[in-house]
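S.K.: When I checked Swiss-Prot for this same protein, it listed these features:
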type     : residues                     : note
ACT_SITE : 212                          : active site, proton acceptor
ACT_SITE : 247                          : active site, nucleophile
BINDING  : 190, 191, 192, 193, 194, 195 : NAD(+) binding site
SITE     : 117                          : site 'Transition state stabilizer'
């Protein structure tokens, strides 16, 4: 895509937006229903595309992507009328007599750039919010998941209003051509490195952004818990969650020296229960997305500070781009595997003398997108929530805060900015416009020249909401 082509796409959408077409409730509903049809009429095609890109199991394709998009569409359709209604607010003495409300206004023409790890979900989920809010949208799917990208382009062109919603496929040149345009908002999901490029491009036009990035998400495992349940839940979003290629996947575990051997045994047992003795042959595990990421992952294992810390797994199959679930015990904190986001099927376990030492370790790294704690101790839960700064926290499970549409999902610090899901998606793509209405009555002479001391006292009382002070000023009493 050339600069001219990108300008043409944006100009066309800008004309559609100015026409007011996308602002109506009816248009928004029609487009949300179109997205819903894609999930119900073309689910098998989506499964096949995800299998082609990631060897994603059918179960994960439905649970982690198709059902999530379907539920987000249904929720938006159910709640949209309420979301669009102006929000009444009380007014103060300073504006009496008046009424006031907050009106949700679409931003205009927005750009959604998506990631490859959940290429169907991460494309359509933010789009649902953008459409519900009444915007025109350009979707740039990830070229690293080409089958899903091509399918999205085909289905969206078939189902949605292409005068208001466009798909632009391609790689770096196409993305840069898009970033050079003036947008009313950019929503990006992906790596921090590319996030910096997006933010820099947006700054040229003072364009607001939502950045959904990542980080090293810690999982703290306390003693005296049900280790079998904890192990199963950790596995469910580490290895059963796209082979660890998930931004909120557990990146490393912190537990006590005494608890570590028992935890390792519990995870080993459940891994073999899920994937058998030879997990590389299991059809229930996704592959690594491409050879570059595969080499990065095996390179982490080849680090001298890591290679002798493998207590389970470590095998790989380059021909199928698969790496077995791998547990690393007591790796050095200055090792490569503890210095960067893993984003794969390797799970380091850090041991400490006391569980409270976890806070120092977590605080030594950039703020993560998510953090997890397994414990039966209510006080420890309160301490964890208070002491750990993260995009979101789940206690005694993994990633479930992501599934709750009434919770905002987003990062903090280097793990991202802004949030979405449910009404938070609608709000992310809306401007909250303040509207105050008055009649021609209720004139206050103290507002206007010529100024006098009593007028100053009168205005002070009004602005402070001081009825007694107002009366004193009216009667000319000095304070």
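Glycine is treated like the rest: Cβ placed from N, Cα and C.
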S.K.: Any same-chain residues 6+ apart from residue 194 (NAD(+) binding site) with CB under 8 Å of its CB? Would you list them in sequence order, or say none?
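M.R.: For residue 194 (NAD(+) binding site), the qualifying residues are 188.
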S.K.: Excluding 190, 191, 192, 193, 194, 195, which residues of the same chain place their Cβ within 8 Å of the centroid of the Cβ atoms of the recorded NAD(+) site?
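M.R.: Counting only non-site residues, the set is 188, 196, 197, 198, 213.
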S.K.: Can you see whether DSSP assigns residue 212 (active site, proton acceptor) to helix, strand or coil?
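M.R.: DSSP assigns residue 212 (active site, proton acceptor) to strand.
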S.K.: Starting from residue 192 (NAD(+) binding site), work out which of the recorded positions listed here (117, 212, 247) have their Cα within 10 Å, and give them in sequence order.
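M.R.: Those close enough are 212.
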S.K.: What is the number of other Cβ atoms found within 10 Å of the Cβ of residue 117 (site 'Transition state stabilizer')?
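M.R.: Residue 117 (site 'Transition state stabilizer'): 28 neighbouring Cβ atoms within 10 Å.
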S.K.: In angstrom units, rounded to an integer, how far apart are the Cα atoms of residue 191 (NAD(+) binding site) and the residue listed as 'active site, nucleophile'?
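M.R.: Each residue's Cα considered, residue 191 (NAD(+) binding site) and the residue listed as 'active site, nucleophile' end up 9 Å apart.
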S.K.: Specify the count of other C-beta atoms within 10 Å of the C-beta of residue 191 (NAD(+) binding site).
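M.R.: Other Cβ atoms found within 10 Å: 15.
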S.K.: Here are some recorded positions: 190, 192, 193, 195, 212. Which one has the most Cβ atoms within 10 Å of its Cβ?
M.R.: 212
S.K.: In the three-state scheme derived from DSSP, which category covers residue 190 (NAD(+) binding site)?
M.R.: coil
S.K.: Run through 190, 193, 212, 247 for me and report the recorded positions whose CA is within 10 Å of the CA of residue 117 (site 'Transition state stabilizer'), in sequence order.
M.R.: 190, 247
S.K.: Roughly how many Å lie between the Cα atoms of residue 195 (NAD(+) binding site) and the residue listed as 'active site, nucleophile', rounded to a whole value?
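M.R.: Computed Cα spacing between residue 195 (NAD(+) binding site) and the residue listed as 'active site, nucleophile' is 14 Å.
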S.K.: What does the structure give for the C-alpha distance between residue 247 (active site, nucleophile) and residue 190 (NAD(+) binding site)? Integer Å is fine.
M.R.: 9
